[in-house]
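> Below you'll find the structure I mean.
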Amino acid sequence: METRISHARVTQLVNLLQCCIDRKTHLSGKILHALILRHDFSSDIFLGNKLVEFYASCGKLQSSRQVFDHMPRRNTYSWNAIIGACCKGGLLREARNLFDGMPERNVVSYNTLISAFSRNDFEQEALDFYYLMKMEGFMPTHFTFASVLSACGGLKGLDQGRQCHAFVTKLGLDDNTYVENGVVGMYAKCGSIEDAIQAFNEISHPNEVSCTSVMSGLADTDHVEEALQMFRKMHEGGIRIDQVALSSILGVIARGVSGEVDPPKQHLGISANLYGQQVHTLVLKLGSESDVRVTNSLIDLYGKCINMTDAELVFATMQEVNVVSWNILIAGYGQIGQSDKALELLERMQLHGFKPDEVTYVGLLGACTKSGDIEAAHKIFCQMSNPSRISWNAMLSGYCQKGNYGEAIELFRQMQFQDVFPDRTTLAVLLSSCTGLWLLDFGKQVHAVSTRALFHVDLFVASGLVDMYSKCGKINLAKTIFDRMKERDVVAWNSMMGGFALHSLSLEAFTFFKQMQEEGIRPTQFTYASLVSSCAKLSALSQGRQIHGQISKDGSINDIYVGSALIDMYAKCGNIEEARKCFDNMPTRNVISWNEMIHGYAQNGCGLKAINLFEDMLKTEEKPDSITFISVLTACSHAGLADMAIKLFDLMKVEYNLEPLVDHYTCIIDALGRANRLEEAETLIEKMPCKHDPIVWEVLLGACKIHFNVDLAKKAAEKLFLLDPQNSAPYVLLSNLYAALGRWRDVSDVRKLMSDRGVVKDRGYSWIEFKNRVQAFMVDDVFMSVHNEAIENGIAPVTIKLRRKCITRSTGPGLPAIMYQDIYKALGVFNLLSHQDANSMTCENMMSLISGIYTNVLVQFLACKINLHEHTITETGLPICLQGIQCSNQYLFRKNVRSSVLFYAEGGGRSLEVDSPKLSRMTNVCAITGN
């Protein structure tokens, strides 16, 4: 009788404890526990198991473990209960130790651990338990497969997921709702959208879980519009929309505007805010505004849409606010660089009793760095008692984004002293800093660290290594790393193309672009900017136009950097009108855009237009920088406006507080030199802080050559012999000056001095674009092309004969007229050499224009053998324009003209535009275009 009474009491106590578990009434449960101890029921195994569950449900893990440890007898249920309690409290290692100590296990034991490890992002450990479970002969259940499929999705282990799916089908569990949703979610997370949709379509009664899985998978693979369509079908099909689905769709819309989706795939645009408002209305209709996950997602979306008014409104009306809510709002203001507002929110947050966590500080760091207040960011970072790796990375990224690469490297050293091990983000930021400072040796050290930590195979780090080596001039090493990458994204391709473009390996950039397209990689704005830059350096106008068309087709034409690159390309190809058209069509402009257009005018001899555009820039909100003044000073120099150049130079220093660089001084010296104010130029050089830079003396020497100032030329040349001994330019310039004056003995002496010192003149490279193909060759090369026969057949009927007549007017001592000519017979590419015939000469086959084919030739390194600036018709400074030959230089290089050369063309009726070469080092460039 007593046994029956005891059993009835135990059953009653078990039921009461279950009520306490369901209602989470901790106090009532403790009273029951005391009653159990008083009546000596503590030895009952069922009550002990239920007490373990009760304390675990109330989050009292220590009490739960004490009950378990004091149980006189335990069964498998007891062990599963305490393991489940540890898993619920996040004590996975303790749960694993208990699992290893179990005298006997069952399916529940494995399912508990597999589920816990999978939920807590230890997917590989979850799969290890799954394989161990099968090895010990336990048959997985639908609960097992639901967790295993989730683990496969988290690892993006598509092959493992397919094997699991096949096993599920074999066991006949594929019609279970949990398993069906797990299969859909696995394929979606692995990026196999077709398989996910097929599995979804095979579900007889899809629910909100399966729909949300497909929707999230579509968003993760950048199919934002398809994800929105899935949500519409879900809504129209009467499928229950819960808080998870609402939070998920809000996250999908946020992804579409946060830059996580490639621009060509981004279909939301400015309508993202409208999408969000529509979902917000649905949230209110369904009564889900009380769910903190949904409201946090709404704040996040409005923040990414730069709609902080609605974000603040949602935040103010939230029934429940947590730290995540504050963090999201702070991050929203950080995104738009309003650090003051973010810091104000921090104060409000603390006043409301919320303690900021690390995410809060990371958001504040982002806000301060975005606004440019790097000092405030550093101050916040220093206030953190024990910053984690995430915080270190945030500060490192802030320094790197603002171009403070040295501070970033110094902060990394402090990070090492604090024993914080770098991760992939740390290494990527360091590599970017090495790239910015061209620190190749330190970059190699970072490479070694990444190799030891096995991060060198990470796509993020590998792309950074490719970028660092390519930008630092180690193109072959960058190519080796690129070739070894198992997976390459568009960033890696862009890094290689950017390196090629930076180091003028334009042909290689074109080859890489072709390979990139063949592998199905979609170009980005950076891709196009690098490619257009390569076209500019090759003067490949035809290919540049084709790329321009593709840019317009892909929708990247409005990108400010692509637009600036197009301006630069057209300007360098001599098509200044098309460059201006690109400039005028830009929806927004920054200082780079203005600089490119001003520089384009300057290099095409349109000095006055460059100055006028600079004045227009001053009327806008864009402030000129150092590059702007280099461009406009160059324009003044080419236009012969020396006084204007000096005025702008003073404006730069006084009004804009910009410290003059050597390039600015060089422009002023060039302007004074062109105006034959050589003494002023020499005085300026002596007062300059950079008077020992070879380039300033070289510019002065070039001006002396033009104005036949022998004494000053000798002084400048002697300076250059000391400052830059292996530079051939001063020897050649001085030799040409003596030759122009007929001082042949001095010419011989200079040439002998050059030979004795082992100075070698740079050989010239040239490029020719023919039928959309660009080929490079050097002077005296035999130019080989697959189009040789076609070109040769076309030479005869369209050969343009250029004749040059020299009219010699001597203003000083006897001056022999020096003519330079040599017919470069390789398909119309020419090289001008000296000749002494002062009457008339005939240049045959100087340029071959094939009928119906656009040909563009860029001749570099004319070696100062002829300077087109010297060849003017009159002393008035008017440009040459006779019978189709036009020199774009609009300023008479020297006032006292000793000789003028007249060009005229016969036959063909086609025009030639000759761009004046720059007088700089031996790197004169002459672009000749046949239409």
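Using the three backbone atoms N, Cα and C, a Cβ is placed for every residue, glycine included.
Features from TrEMBL:
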type	residues	note
REPEAT	75-109	repeat 'PPR'
REPEAT	207-241	repeat 'PPR'
REPEAT	322-356	repeat 'PPR'
REPEAT	357-387	repeat 'PPR'
REPEAT	388-422	repeat 'PPR'
REPEAT	489-523	repeat 'PPR'
REPEAT	559-589	repeat 'PPR'
REPEAT	590-624	repeat 'PPR'
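Help me picture these features in the structure, burial and contacts included.
Outside the repeat 'PPR' (75-109), and at least 6 residues removed from its termini, the chain residues within Cβ reach (under 8 Å) are 45, 48-49, 52-53, 55-56, 59, 61, 64-65, 68, 115-117, 120, 122, 133, 136, 138-141, 144.
Residue counts for the repeat 'PPR' (207-241) under DSSP, split into helix (H, G, I), strand (E, B) and coil, are 26 helix, 0 strand, 9 coil.
Same-chain residues lying 6 or more positions outside the repeat 'PPR' (322-356) and placing a CB less than 8 Å from one of its CB atoms are 292, 295-296, 299-300, 302-304, 306, 308, 311-312, 315, 363-364, 366-368, 370-373, 376.
Tertiary proximity for the repeat 'PPR' (357-387) is limited to same-chain residues at least six positions away from its ends with a CB under 8 Å from its CB atoms, namely 323-324, 326-327, 330-331, 333-339, 342-343, 346, 349, 394-395, 397-399, 401-402, 404, 420.
Note on the repeat 'PPR' (388-422): DSSP counts are 26 helix, 0 strand, 9 coil.
The average pLDDT the prediction assigns to the repeat 'PPR' (489-523) is 86.
Long-range contacts of the repeat 'PPR' (559-589) within the same chain: residues 525-526, 528-529, 532-533, 535-537, 539-541, 544, 548, 551, 596-597, 599-601, 603-604, 606, 622, 856, 888, 913, 915, 927, 929, each at least 6 residues beyond the stretch ends and with a Cβ under 8 Å from a Cβ of the stretch.
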> Count the residues of the repeat 'PPR' (322-356) that DSSP assigns to helix (H, G, I), to strand (E, B) and to coil, and report the three numbers in that order.
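Going through the repeat 'PPR' (322-356) residue by residue, I get 26 helix, 0 strand, 9 coil.
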